[in-house]
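The structure appears below as structure tokens.
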């Protein structure tokens with residue numbers, strides 16, 4: 001009993017980075033009172049930002065990033081509730097789950113609406129830009145970035161994605177990138193990409209003089225592969241980003257790179273997302289490959305998540321495949337970068353066969369060309385290799401996605417596994433019956 005109490009106490013003192021969003025009336029002293037709660041609980045504030053509430057004109061929303069333990073976070077939540085409207089509390093990744101037999105498992109979303117708890121844990125927010133960013137000294141650009149960040153931070157599951165009126169400068173930047181990349185796609189992009197790009201032009205307004213709206217793209221993808229788009233303010237951690245893929249949700253930025261250098265961006269922007277990722281998210285086999293990496297990440301250790309993220313990086317972002325005896329590109333980072341797209345098929349780039357056991361050890365480079373690129377025989381080949389690799393990830397349970405409820409089934413005991421098998425048995429019966437009918441028709 002003494003050991004159990006000690007274990008519970010240690011559990012409550014686990015530390016991590018948490019985020020809270022709460023609203024305050026626009027009155028003198030309101031913020032000071034709220035921040036005093038953090039001070040009294042000895043919680044270190046890492047970042048704080050305010051924005052005008054979109055719910056009530058008389059209120060402001062406060063975004064707080066802090067270093068805390070479970071006990072402190074619980075106390076702060078209850079104290080804040082007494083005189084603020086707490087809109088969102090996102091616990092750290094390392095705060096473990098409370099379900100029986102899963103005490104050592106990091107928290108992960110169980111239903112699609114749970115993504116509301118992790119989609120705002122961006123590593124950089126709004127107008128925060130590094131000193132070497134092309135838009136660092138451009139106050140107009142920084143203000144615009146904050147506008148896009150606020151849209152994303154206000155988004156909740158089930159909301160329509162707000163339509164954006166892009167500026168003339170943003171459309172011109174997009175148009176420059178769109179025009180130059182489309183010159184390369186016929187000789188560089190894989191056939192699946194080339195098949196889907198015209199459909200996006202037809203149904204989503206992909207044009208040189210128009211930046212497509214995320215809501216239109218999301219609706220298109222839902223019909224094609226069941227994927228949907230969720231706006232995000234910036235970089236997410238690998239765990240948070242991959243968890244979205246498990247639900248066939250792609251976290252997508254909406255801001256445009258700085259106009260001073262349309263062929264370079266140090267971070268994912270709408271040109272990268274819409275031209276690099278979206279055409280292949282409309283491809284069923286590729287969509288399944290992406291989702292399976294996401295499912296493998298749920299509840300996995302930090303080490304395992306990092307391995308999965310590296311494999312994702314060298315496939316979905318910078319992957320190559322073989323088609324008709326030639327190398328073709330399917331990685332979004334390549335398909336949205338004119339210079340690197342030319343480089344990777346120039347004959348000067350180092351290329352190796354994709355093998356997750358080797359690939360996960362490779363360093364990911366962000367601001368330069370990759371030292372090596374990995375080639376798969378096909379999406380199916382990459383998928384099979386990743387399936388074998390994910391079997392090596394230690395997890396005290398299995399997971400299965402339920403597309404009807406858009407939730408995760410945790411397979412951890414005889415009952416849950418039996419239920420999953422019954423569902424599969426029904427699906428197999430349907431396929432078997434169809435095969436029988438086809439066979440009888442052929443024999444007539």
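From the backbone N, Cα and C atoms, a Cβ is placed for every residue, glycine too.
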Same-site residue for Fe cation (record: Swiss-Prot; known: 272, 277; options: 208, 215, 223, 317): 317
Environment of 272, 277, 317, the listed Fe cation site - residues of the same chain whose CB lies within 8 A of the CB centroid: 268, 273, 276, 316, 331, 332, 333, 335, 336
Spatially closest candidate among 272, 277, 317, the listed binding-site residues, to residue 257 (L-tryptophan binding site) (Cα to Cα): 272
Sorted by sequence, non-235, 257, 265, 336, 366 residues with Cβ within 8 Å of centre, L-tryptophan: 266, 267, 268, 269, 272
Site diameter for L-tryptophan, Å, by largest Cα distance between 235, 257, 265, 336, 366: 17
